[in-house]
Amino acid sequence: MDRLKLSRIDEELVSSEVAALCFLCRDVINRKRLEGIVDAKGLFLRLEEKGQLENDFFLSQLLQTIGRADLLNLLETDSRRPEETDANPVLSDYRVMLYRVYEDMTGENLEKMKFLLSNKLGKAKIEACNTALDVFAEMEQAGLLSNTNLHELHTMLLEFDQQLASTLQRYREATQLPRVPRSSVDSQRVNTFQPSQPSDAGPSDAFVVSDAEPKTSPLFDHTDYYSLSHIPRGLCVVINNENFWGTGLKNRGGTQEDAKALHTVFTRLGFEVEVHDDLTAREMRLVLEKLGSRNFLDDDALVVSVLSHGEKGCVYGTDEKAVLLQELSKPFTSGRAPTLAGKPKLFFIQACQGNNYQKGSLPCPPKPRQEEGERQSRLEEDAGRVEGETVPWDADFLLGMSTVPECKSFRSTATGSIYIQELCRQLMRSAESSEMDDVLTVLTRVNREVSKREYLNYKQMPEPKYTLTKKLVLKFV
């Protein structure tokens with residue numbers, strides 16, 4: 001980025017704004033590298049080291065968050081997006097939420113918060129904190145605060161400022177973090193389906209109707225569900241391509257966070273997890289061919305996740321050579337791997353599938369009723385689209401794509417990809433629930449959560465494809 005532009009922005013920022021920017025960048029730059037920064041120029045140098053200023057968008061997010069949108073004209077941003085959008089950092093919702101709390105916190109409430117934490121953080125550290133952001137940073141270092149651990153902060157805010165507590169509460173609800181006892185969570189989740197109830201039905205009506213049906217039904221047909229009787233359940237293989245040195249593709253910063261999340265979730269679900277880092281196209285094929293020759297007699301299921309760059313119908317090895325999506329599933333068809341026949345085979349692909357961006361729009365009104373000839377024409381058109389796609393031909397496959405064909409997929413270089421992180425979050429939620437939600441229900445939630453947000457002013461729409469013949473319910477072992 002133009003150093004002259006950065007210098008002009010630096011001249012406009014006061015020290016408190018620089019401190020706020022440093023806090024917002026804590027997911028991108030480690031704490032030690034942020035120490036000693038006294039002006040924006042120092043921060044910009046650290047961001048350049050991390051490759052975060054190759055375009056204007058991350059800096060634009062930072063300036064907008066701290067209320068300095070007036071400086072955006074110095075960046076001269078336009079509507080063009082960089083070629084590898086999924087590699088751009090996305091400012092953490094968690095950090096933005098903490099910044100909003102800091103903005104609205106009075107001096108009196110700051111002192112109350114410092115008093116409540118003095119016995120946990122120590123008097124010296126507390127006295128060195130001049131702002132709420134300083135307090136948050138110390139809480140993070142002490143393990144009292146993180147994007148998945150908000151209990152301590154929420155409890156304190158409830159003591160002296162309900163409005164600040166509600167800011168945190170809205171973030172919790174948006175990210176579906178646990179906050180209340182199980183019975184209350186069930187009640188609230190059921191209430192989200194109120195539009196399907198009569199318009200005059202209250203919350204209690206929705207709870208009784210929606211909650212009663214599954215719990216009072218004595219029928220549970222085990223033949224409708226895949227059997228999960230072995231421990232471990234099977235293998236989860238993650239191909240994690242991060243470094244594309246010497247090619248025309250950028251390195252995929254943040255993908256290690258996806259690999260960690262997948263390892264954590266599927267280990268808890270009872271799978272043995274293998275992670276293969278930085279494989280060429282040939283090495284990817286060899287790993288999958290070797291895996292396909294395994295005796296799966298004592299396995300209940302197979303999970304394969306590929307984290308890489310991609311184009312329509314393929315993913316790339318670290319040598320920028322393509323591996324077709326069909327090649328990923330081919331070694332595991334019933335003809336090639338007979339001991340996997342009748343068992344679920346799950347594939348989750350985090351990769352772009354084209355260069356287009358998705359935009360949002362208002363829901364369309366219902367179409368007029370079509371005549372029979374029109375319906376047949378439409379069906380033929382849909383069938384034509386399916387031809388050439390990579391849905392596995394054999395039974396019991398599920399292919400979860402991070403995006404629809406022709407479109408890009410977004411990834412934060414700090415916190416991982418939008419799709420994989422939401423997938424892991426929803427798998428955890430389902431595994432902890434007393435409900436028997438199958439994997440397709442989980443993926444529907446992933447679709448809803450990912451598609452309702454905006455990323456650099458664009459949308460992302462995941463796409464599951466499947467030939468499953470039964471329901472698959474994944475619970476913690």
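Backbone N, Cα and C define each Cβ position, glycine as well.
Because TrEMBL annotations are produced automatically, they should be read as predictions rather than curated entries.
Going by TrEMBL, these are the annotated features:
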DOMAIN    1-77  domain 'DED'
DOMAIN    93-170  domain 'DED'
REGION    177-206  region 'Disordered'
COMPBIAS  184-199  compositional bias 'Polar residues'
DOMAIN    232-356  domain 'Caspase family p20'
ACT_SITE  His309  active site
ACT_SITE  Cys352  active site
REGION    359-385  region 'Disordered'
COMPBIAS  368-385  compositional bias 'Basic and acidic residues'
DOMAIN    387-474  domain 'Caspase family p10'
Quick one: give me the count of other CB atoms within 10 A of the CB of Cys352 (active site). 25
Compute the average pLDDT of the predicted model within the domain 'Caspase family p10' (387-474). 86
Round to a whole number and give the Cα-to-Cα distance in Å for the pair Cys352 (active site) and His309 (active site). 6
Would you mind checking how many other C-beta atoms are within 10 angstroms of the C-beta on His309 (active site)? 26
Helix, strand, coil: count each for the residues of the domain 'DED' (93-170), based on DSSP. 61 helix, 2 strand, 15 coil
Using DSSP, break the domain 'Caspase family p10' (387-474) down into helix, strand and coil residues and give each count. 28 helix, 18 strand, 42 coil
